[in-house]
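Single-structure report; data block below.
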């Protein structure tokens, strides 16, 4: 009787131990599936008539990588133990693949940010303008090079290799990499936004009080009062800063508040979750606003084809626009879409 009870307890313990990684794998699948749905929703929400940039193509590559990770984890979770092309795959590889992806995503923030800056700089310059086909191939080459370079660094770094090797010994634990790059990038952007908001507080308040909401060409817009001294050339940096702040926060305020909460509470988010398409488009809007602001004296918005943000219509911050049905007398209005 004692032996039977002992065997029964041993079987229940083994069953409990086997269910632990299985439950963790199911949770991982749900998280990645939710991330993919969020990526698809973000891509579907963005404006369609936007000029394709490096960031747009990189977002597509990130969505494809997330989908590839989901397919791999699903297959391994279903078959559990199988051999493919002479390589044996087990549930351990779910943790291994996700850890490699986490390290790769964690080291991508700075390179993507830097290349996006360079891309927008050349978009503002009329000296180097490639045909659309060649520009698309160039973006594809750069993105492939970034992925291969970062992945090679992750797999070749001795510290990371030792961390992955340790996980092979203790397979019941699967910690994921927390990216310091995303932390400092988020911290820097929040600090810059805070300083800009404080320095132009009175102008922002005045503009908010003067704004109106209406519908124009089947699109809901906000618009600023028109200044009689405005023209089709861009105003000074001091005039544009409060408009840019309202444009940016009008679209990304919930995301900014989320970043503030994460920074204040020191929330540790795994890198495979933190690198996502909403985050990249948030960084993209910040970059475009920064480049516009620093180059405002070079811009002639009637003649120059400029980078277009998929979520914020920056041109409407400083282009006078005539809307006939809003006023009895037709006045040009500087709008935010």
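FYI, residue positions are counted from 1 along the chain as it appears here.
Quick reminder: no glycine exception, Cβ is built from N, Cα and C everywhere.
What TrEMBL says about this protein:
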DOMAIN    24-292  domain 'G-protein coupled receptors family 1 profile'
TRANSMEM  22-42  transmembrane segment
TRANSMEM  54-79  transmembrane segment
TRANSMEM  91-116  transmembrane segment
TRANSMEM  137-156  transmembrane segment
TRANSMEM  176-202  transmembrane segment
TRANSMEM  244-265  transmembrane segment
TRANSMEM  277-294  transmembrane segment
Surrounding residues of the transmembrane segment (54-79) on its own chain - C-beta under 8 Å, 6+ positions past either end: 22, 25-26, 28-29, 32-33, 35-36, 39-40, 43, 89-91, 93-94, 97-98, 101, 112, 115-116, 119, 136, 139-140, 142-143, 146-147, 272, 275-277, 280-281, 283-284, 287, 310
Remote residues contacting the transmembrane segment (137-156) - C-beta distance under 8 A, at least 6 residues beyond either end: 52-54, 57-58, 61, 65, 100, 103-104, 107-108, 111-112, 115, 130
Rounded mean pLDDT for the residues that make up the domain 'G-protein coupled receptors family 1 profile' (24-292): 82
